């Protein structure tokens, strides 16, 4: 390793997961070609890696925020490209970072030449924490509720949000912990496959989420203005049902979901309130990678025979943020977004806003995580393509992260309390 070459991470080698980091290399020869690499290991022990080729400027420096990558995992000027382009060797592998207590550790290195096999010149480690200083992580096992509550530092009160990152089994803490870093009190729920819960479910009960909302609202640091919901994929329709059928839901973020209750029938107080819209496997195709394209796999939610699955969202009293990715291959999110907004308009409702992201795929998550083109689908029991172009997807995640915070700040924080909420 050269003693003259330095690899620096600014403003610090330690930061929060959702914060950008500036990668700088100096001490190189003028116009020297180097390969900058990144590698990380997820919570399951799966290694991920990325690389990009750069040419030093006249002063022997490379600034990833200024210089274009000439090749490798991406090209062009992409300051955080080495993070979102991290990829596992095996196909259909999704980066797993669900335990908020374990930081996302990324090891950067600089190597001479463009093949990446040249001598190691410098290295540095970026520790990306999921929990900010002072944020409390409180495991919840109360009544039927299983999950983790994240409470920001201070006396509060804080806007309260229910994170419905519920499908796939187990518990995912990443999004909830990062939102808590922004001043929200967030309860992320497990639905199955966690603690003493069943490994699989064949139907869902709205009562479980009613209990979770009650738990959130009675917390002494929760604002009494109602709760927010944030969802993704299947939990998008679950969020619609909660906002429609239960009280005290003031703001719902729906990300790449459906307008109907999908896959599992929904019950409330012992009675079925929505049947399940199902997949038609004859409409599923296979991509070159061997993953299924299920974009058009669901039956038509507006067909008369599927009326029982449609969610009457015009009954909801809160606000909606509808988010859809144009290149979503899990299902046609843009179509469902349009059906939802048209339903509300026909009823004279304007309690919504919408954002559509060209080039983005299904899994819109907190920014600066590895883009996932395909992975195992819990319902189909096979790998599914999620869609999206990596650069466009990464930019969508950055924009959406700020949009989500703005939406909750606007609709959950009373005007008098806005100054206290450090969103």
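Cβ atoms are placed via backbone N, Cα and C, with glycine included.
No curator has checked TrEMBL annotations; they are predicted automatically.
Annotated features, as they stand in TrEMBL:
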type	residues	note
DOMAIN	205-413	domain 'BAAT/Acyl-CoA thioester hydrolase C-terminal'
ACT_SITE	233	active site, charge relay system
ACT_SITE	328	active site, charge relay system
ACT_SITE	362	active site, charge relay system
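Between residue 233 (active site, charge relay system) and residue 362 (active site, charge relay system), the C-alpha separation comes to 8 Å. Within the same chain, the residues at least 6 positions away from residue 362 (active site, charge relay system) whose Cβ sits under 8 Å from its Cβ are 233, 256, 325, 328, 329, 330, 333, 386, 387, 388, listed in sequence order. The Cβ neighbour count for residue 233 (active site, charge relay system), using a 10 Å radius and every protein chain shown, is 26. When averaged over the domain 'BAAT/Acyl-CoA thioester hydrolase C-terminal' (205-413), pLDDT in the model lands at 96. Around the Cβ of residue 328 (active site, charge relay system), a 10 Å sphere holds 25 further Cβ atoms from the protein chains shown.
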